[in-house]
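According to Swiss-Prot, the features are:
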ACT_SITE  SER113  active site, schiff-base intermediate with substrate
MOD_RES   SER113  pyruvic acid (Ser)
ACT_SITE  HIS118  active site, proton acceptor
ACT_SITE  CYS141  active site, proton donor
Amino acid sequence: MDNKLQLHGFNNLTKSLSFNIYDICYAKSEAGQRRYIEYIDEAYSAKRLTQILTDVNAIIGAEILNIARQDYEPQGASVTMLISEGHEAPAAITNSESPGPMPEAVVAHLNKSHITVHTYPESHPHAGISTFRADIDVSTCGRISPLKALNYLIHSFESDIVIMDYRVRGFTRDISGQKHYIDHDITSIQNYISDATADRYQMIDVNVYQEKIFHTKMILKDFNLDNYLFETDKDQLVPEERAHVQKQLQREMAEIFYGRNYKLRR
């Protein structure tokens, strides 16, 4: 698509990214589960989430107009930012179908759209499994696509599973009056993810091109049991327990990834 498209007035296209991440954990006791929930709730407090969203604003070249944030009892947090497109997008960020920056490359600079994040820690009542979900929605009106924030978001959370939906709505007119229903090329959300990140995940696409709807699921390829154990390691588990816990964790991840429940085989 022509990057030099001359528009009549403001770019009225709305580009929306829905980004859901999951972190999975196993704790041997109910007390351990409670401590995990307390740990993850503190790690992703409203204050921390505000900083993450501030960096997202810098990536997409937005100006923050208002921030509302709240920590909830017994757990969970929410942050909502009202934003507008900045006078200038960051020089290194374009609307091309390519990955955006990593967290270490972002310097926050605060120069009618919005960004929201909500967190949902929870635990299985009997199996020792706990999950943490963060839902992030980035909706922009203007030139820059929120997809440029993907790399940063994936690396800002402990992402075992990532589910993403991107859509473009509305239209904008060029100077001749012709309507344009999208202003950038896109074949897959995967093209906005760096090779280093893509190598770590199995990914599935479901896209409806004519409706400007793009859907990508990601799940980590390599399973290291120690990465999913809280306050213990696999050497502290007897072989039978180790195998059972690994099966539980992998089943939980598969159910979340595919959105369906499976019977646990004995």
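Along the chain as shown, residues are numbered 1 onward.
Placed from the backbone N, Cα and C atoms, the Cβ positions cover glycine too.
Summary: among the active-site residues (SER113, HIS118, CYS141), the fewest other C-beta atoms within 10 A of the C-beta are counted at HIS118. A straight line from the CA of the residue listed as 'active site, proton donor' to the CA of the residue listed as 'active site, schiff-base intermediate with substrate' spans 6 Å.
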